[in-house]
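**Student:** Pulled from Swiss-Prot, these are the listed features:
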BINDING   R48  NADP(+) binding site
BINDING   R131, A132, S133, N243, A244, G288, K303, P304, T305, S306, S307, R329  FMN binding site
Amino acid sequence: MSHNTFGHLFRVTTWGESHGEALGCVIDGCPPGITFTLSDIQSYLNKRKPGQSKYTTQRRELDQVEILSGVIVQDDGITFVTTGTPISLLIRNMDQRSKDYSAIVHQYRPGHADYTYDVKYGIRDFRGGGRASARETAARVAAGAVARKIIPGVIVRGAVIAIGPHTINRNRWNWSEVDNNPFFTPDAEMVQVFSDYIDKVHKNGSSVGAVVEIVAENIPAGLGAPIYAKLDQDIASLLMSINAVKGVEIGDGFAAARLTGEENADEMRMGSDGKPLFLSNHAGGIVGGISSGQPIIARFAVKPTSSILIPRRSIDVDGNDVNVITKGRHDPCVGIRAVPVGEAMVACALADHYLRHRGQVGCFKR
């Protein structure tokens, strides 16, 4: 299988499978002199790791990251400094139960990558889905933690704004609520609504989808390039690469098609600090493929988990009609744990464009 690497200057290669011995990533192109600690990476992995609530898979993984190369430990024994050589990060798998998948060795799960992987490669890893599993995203989160260190002052954070048919009230948006509930939602009043809905669907043996919003702040104007190197193009590409993501929008996205020109235009005035002041942000912080200095806003849709207990019609590898039931431990709403993954992918795209801009232009205009 090819295509396990993304990025241009800040390049990340992920490796490993859901039920393999370990998974991880190699980061190439990280500048020397970047400092971080293990806890800087671990805090994001802890946000993504399974088994933290009944609304995620009950697979128990510590997701403790190990750094194998690319850094020097400082005298305090805690701080790492990058050397400019490839950074290798490893996360060991501890709680695989491959026997749970014995019934689908020769069956294709509807909505899963079983069939398409098999038809392309002539072989597939049925144990937890292999590379098609959400487990693969742990390595991305680790890479995203390093990426955050490259742009000075950058803040990248995400939240669940919809689960199934239920959507938050944006007037109640409070970032401080996101880490106080198992759904990473900024609307405290929706916690019980989400809980009741997922409980009902999961009790019936099914799963639900979600919409996640990512906001990046303190991004300098000028990142990205016209036509084939647009910043929003790369953000969309990386978000779409996340397993189970079926749609991405930047700024107002598809809603912009329902606006008039005067409604959609982000008007400008000169601020008291001598910098441009935007009166709105319909563009989501990116115009013409280049960052405007406003917050960058992206949303992505995560489909319901394909592995469910309700029988679904499918076929087996011999072409026979079958009814598939997937046992094992699966997320009733995988969109919840997609929040730190989306953050990581946006952070990696921003770090890559930051280095590309610095290499071509050399400095930033604020």
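Every residue gets a Cβ built from N, Cα and C, even glycine.
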**Student:** For the binding-site residues R48, R131, which one has the sparsest Cβ surroundings, going by other Cβ atoms within 10 Å?
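**Tutor:** Looking at the binding-site residues R48, R131, the Cβ with the fewest others within 10 Å is that of R131.
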**Student:** Measuring Cα to Cα, how many angstrom lie between R131 (FMN binding site) and R48 (NADP(+) binding site)?
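**Tutor:** Pair distance, Cα basis, whole Å: 17 Å.
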**Student:** Measuring Cα to Cα, how many angstrom lie between R48 (NADP(+) binding site) and S133 (FMN binding site)?
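**Tutor:** Their Cα atoms are separated by 14 Å.
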**Student:** With DSSP assignments reduced to helix, strand and coil, which class does K303 (FMN binding site) get?
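**Tutor:** SS state of K303 (FMN binding site) = coil.
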**Student:** Would you count the other C-beta atoms found within 10 angstroms of the C-beta of T305 (FMN binding site) for me?
**Tutor:** 22
